[in-house]
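I have placed the structure first, in the form of structure tokens, so that the comments after it can refer back to it.
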2 protein chains.
Amino acid sequence: MSFESFLTKENFEGYEDPERYKKDWVPRLDKYRADLESAILPEYKITLPEPIEKLQKDQFNPLEYLYEKKLLSDEEKRITELSATELAKEIASGKLKSVTAFKAYARRATICHQFTNCALELFVDEGLERAQMLDEYFEKNGKVIGPLHGVPISLKEQMDYKDKITHGGWVGLLDRIPKKHGATIQILENLGAVFYVRTNQPQTLMHLDSNNNFVGTSRNPFNLGLSSGGSSSGEGSIVAFGGSSLGVGSDIGGSIRAPAAYSGCHGLRPTTRRVALLGGISSGAGQESVVPVAGPMARSLDDIDLFMKHYVNDGNPWQLDQWALPLPWRTVEPPKPESLTIAVMYDDGVVKPTPPIARGLKEVVAKLKNAGAKVIEFKPIRVQEAIDTVNKMYNCDGNYMQKKLLSASGEPLTKLTKWALNYGNGSKDIGVAENRKLNVIRDSLRQEYTDYLNANKVDFILGPAYNNVAPLPEAVYNWSYTALYNILDFPSLSFQTGMFQDPTVDKWGSEHSSYTYRSELEKLELSGYDPELFKGAPIALQLAGRRYFDEELVAAGKTILKVLDVDLLHK
Amino acid sequence: MSFESFLTKENFEGYEDPERYKKDWVPRLDKYRADLESAILPEYKITLPEPIEKLQKDQFNPLEYLYEKKLLSDEEKRITELSATELAKEIASGKLKSVTAFKAYARRATICHQFTNCALELFVDEGLERAQMLDEYFEKNGKVIGPLHGVPISLKEQMDYKDKITHGGWVGLLDRIPKKHGATIQILENLGAVFYVRTNQPQTLMHLDSNNNFVGTSRNPFNLGLSSGGSSSGEGSIVAFGGSSLGVGSDIGGSIRAPAAYSGCHGLRPTTRRVALLGGISSGAGQESVVPVAGPMARSLDDIDLFMKHYVNDGNPWQLDQWALPLPWRTVEPPKPESLTIAVMYDDGVVKPTPPIARGLKEVVAKLKNAGAKVIEFKPIRVQEAIDTVNKMYNCDGNYMQKKLLSASGEPLTKLTKWALNYGNGSKDIGVAENRKLNVIRDSLRQEYTDYLNANKVDFILGPAYNNVAPLPEAVYNWSYTALYNILDFPSLSFQTGMFQDPTVDKWGSEHSSYTYRSELEKLELSGYDPELFKGAPIALQLAGRRYFDEELVAAGKTILKVLDVDLLHK
């Protein structure tokens, strides 16, 4: 079954208008790209070792190259290998200037962009001004303006940024220039963060990948032949590459966890309403069956904790955004491994994991058991039903809003836009009564999973973040491993195992030759797995916990990373 | 314009089936009523001074009668005049037995029922057994089983009660017998409460009144000619009469606050998701545009606080119900009056208040100012739009679920059922895209009100709980004063001012004769105001606060009641 055979044409016919697009929008997109190109400051410009297409074909690893070729000074390397927690501390102690820290990140980010195409907008000059202002404030007052004083943070473009185009991946929104920051950006600015880059995301924001008509796809910092994931695509690349100290993504089906997992960093999808969403663009305004979240991505779980703690407790997002919950972020110490009970989902019953993911999971389980954790097998509960339901929820408005936003420019639809427009009932508005029934199914799922945790005294569910490592560009179809936790609204964390795909090891076992795919989707996802194509891709997993108990989840993640001895900061 | 002229027949045609109803259901309803009648224990049976119809016609005040005729012993009077807080303390100290406390409440409740028709189910025998068990536990263990040990609590029938019919006002659900308690009942039982009465509610639960085909209307304990409000109709009567120490109602448009206000007690509509709703019946399953809440009703705000504190902090509702928030109930001391900034809504622009409410509001404002509070005038923000939107939300499924539940029996539709079926777009399912637009309007309203509070440093909004005191039965049409806070999801509190309607004072002023009604609804609501009909009805008001800051709201309510010198416990 080909990709196309999955699609129903009625679900995306009448969106495109090639003539109007070419006439009204292509020249403006050319200018948009030229502006981005010219925003690369000369001092941070590098000469690529080969043309980018060749590097992509060769599965080039730019992070390795950064280190081998010493593209950073020793001090720049040292600074960009600090956790955000350490960085903030050095700046607050006066040991390090915001400007010095910023310049190191500006270089690393700009190098990252030249390899991975992670940025939609670079404004390093503004970041530098801000860093200078922060240093002046510190000198004058002898204290920081907030707990994130001087920390360089990258932002998914979707969030409203004062006086800057905020298009969310829709060409038709090129004129959308917010008059003020979205609530989360405003809070981070109040806390002292420095902004300088807004990152790539796919058309419609509804891919676990990155293609759009602005700048195309972002690539994986460990293998330029692979995707960086999505929809927080550029955040995956830049955070994993070390081009920012912390990143902010958003997630309605895996859009924080997929890019973090694929690209090689950690990403938290918090429970809904802990991070403000006021001020931003999505096609889901007023959709509350499966609610999007914003959340942090980082190279260290201390930094995820740092972000959430200060964002929630010092940022008080509920004061700006009525929708955010006044639920303080609690300090939770990492538990001892032997106090943990973890249920492992080896296969969700929708798409089984490829060899590197299966290997990663097996090894992590072995190490956890060895460290004393109690590990039981999780028998997936109604996953297919959950995924069918969440897929219907995404577009049960008959794609009304997506159509409106896409048709505004008549822009060409990318492959995975068509895929997601095809979800559920496609272009059919199912009506309110049917939508309510979906919500009832959702609530029964949430209750059943909660009852499972209670009855079995399970603390967390461990499993894949996706059925594969980073996929080839525009070839990620299955959202089941991540979207499950969106419909459940369980906090979930993609984390790195420190392991990488190895073509010599990660081959299908002999039993696979007689494996009968359980669905056409599974076949589509798995039949393209050729070990040679995924060389060196990070192996990540996912941990999920109880609704609103995000603090316990992050703390347990720290315990697991300690058991695995993972350090993403130092190469 | 007559009541009927407001209605569109298409919105409720085809629901009724008189023949099937008469054949299949009327005999069962006769039995239901006979069971209720026979559940009145002989020792608590009283002889009414006149036939009930006469008492209703004469605007009889049964609470006054209870005291004048000394229907309670001195000890029963003393016990039932304790706050729940004091009662729990006396029992926990060993000073008072649960059985003694229970019997006093059983008598007062049964008397209340004989006057006001507040109960759908009485099971005093089971309550007594439970109280005996609690006493035995206390004797054996020297401690209480929980902080509500021995506190008699009345329950709106809608909540699932193990092994008891739970019909929610729909005749077609007479066979619905839950196998376990709803989460909130389970929590209260775990905390030590004693149950013995489940109270009346209207057909469909969507009236601010009480008529149904089970037992008809409940009446006001201060004037049997008037309604006790709804939809937590029986809770209003029984709590205000002192027949239970605490009551639990639910509210999606005013259903806690209206009966509390009309009947003469206090009622809190908490912010959503602080009290569990798992296990219960409503027509709104899966409806989340305007989310229902459960909450306490009491004669003292200390008791509202007591309920919320123990329910949330000791009951941990999120462990039973995934939907409930793990947001602890904070201890907040009542603020000094001079620290309060209160914005007063004298008229919401939809229906202006009748003379007793306008008088009550004016006097309360004068006393608050006198006590040092800062009081400013609140210019209503988009109230009509809010009400139009929330009315559409209620039935934007085209009354799908209400029709299903009503048609199951073919039962006759009561007057106010037709009224609510007529809301918004009536029997038209507006579709998901339109529903999402309503949610966007709602969120913009919430944000605008939040921004108003921030910009003006306003702590609370004070106003009417309804445009009148308790209305005549089946004559409450306007929900605007309460439903505003449902769509905003602001916690809101109906509280008694200690004042009562006085026909000699509460007449329209001379300016009213030249008043032009702003709408047919306003005319319908106000033209029936004849001072002589509302004799002695309690005058209540409503205080609303910031979303999720329920604790501050209840604390401020205590301050206001102290300023007003209100005591509902002692007559």
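For all residues, glycine too, the Cβ spot is worked out from N, Cα and C.
TrEMBL: automatically predicted annotations, no manual curation.
Database features, via TrEMBL:
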type: ACT_SITE; residues: B:Lys156; note: active site, charge relay system
type: ACT_SITE; residues: B:Ser231; note: active site, charge relay system
type: ACT_SITE; residues: B:Ser255; note: active site, acyl-ester intermediate
type: BINDING; residues: B:Leu205, B:Ser231, B:Ile252, B:Gly253, B:Gly254, B:Ser255; note: substrate binding site
type: DOMAIN; residues: B:103-553; note: domain 'Amidase'
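In terms of local Cβ density within 10 Å, B:Gly254 ranks first among the binding-site residues B:Gly253, B:Gly254. Annotation for the recorded positions B:Leu205, B:Ser231: lowest Cβ count within 10 Å of the residue's own Cβ, B:Leu205.
DSSP gives B:Gly254 (substrate binding site) a coil state; it is part of no helix or strand. Confidence across the domain 'Amidase' (B:103-553), taken as the mean pLDDT and rounded to a whole number, stands at 97. Same-chain residues that are not part of B:Leu205, B:Ser231, B:Ile252, B:Gly253, B:Gly254, B:Ser255 yet have a Cβ within 8 Å of the Cβ center of the substrate site turn out to be B:Met206, B:His207, B:Leu208, B:Gly230, B:Ser232, B:Ser250, B:Asp251, B:Ile256, B:Ala258, B:Pro292. Cβ environment of the residue listed as 'active site, acyl-ester intermediate': B:Leu205, B:Leu208, B:Gly230, B:Ser231, B:Ser232, B:Gly249 lie under 8 Å away, each six or more residues apart in the same chain.
In this structure, of the recorded positions B:Lys156, B:Ile252, the smallest number of CB atoms within 10 A of the CB marks B:Ile252. In three-state terms derived from DSSP, B:Leu205 (substrate binding site) belongs to a helical segment. The maximal spread of the substrate binding site, taken as the longest Cα to Cα distance among B:Leu205, B:Ser231, B:Ile252, B:Gly253, B:Gly254, B:Ser255, is 11 Å. A strand conformation is recorded for B:Lys156 (active site, charge relay system) in the three-state DSSP classification. Between the CA atoms of B:Gly254 (substrate binding site) and B:Lys156 (active site, charge relay system) there is a gap of 14 Å, rounded to the nearest whole number.
B:Lys156 (active site, charge relay system) and B:Ile252 (substrate binding site) are 14 Å apart (CA-CA, integer value).
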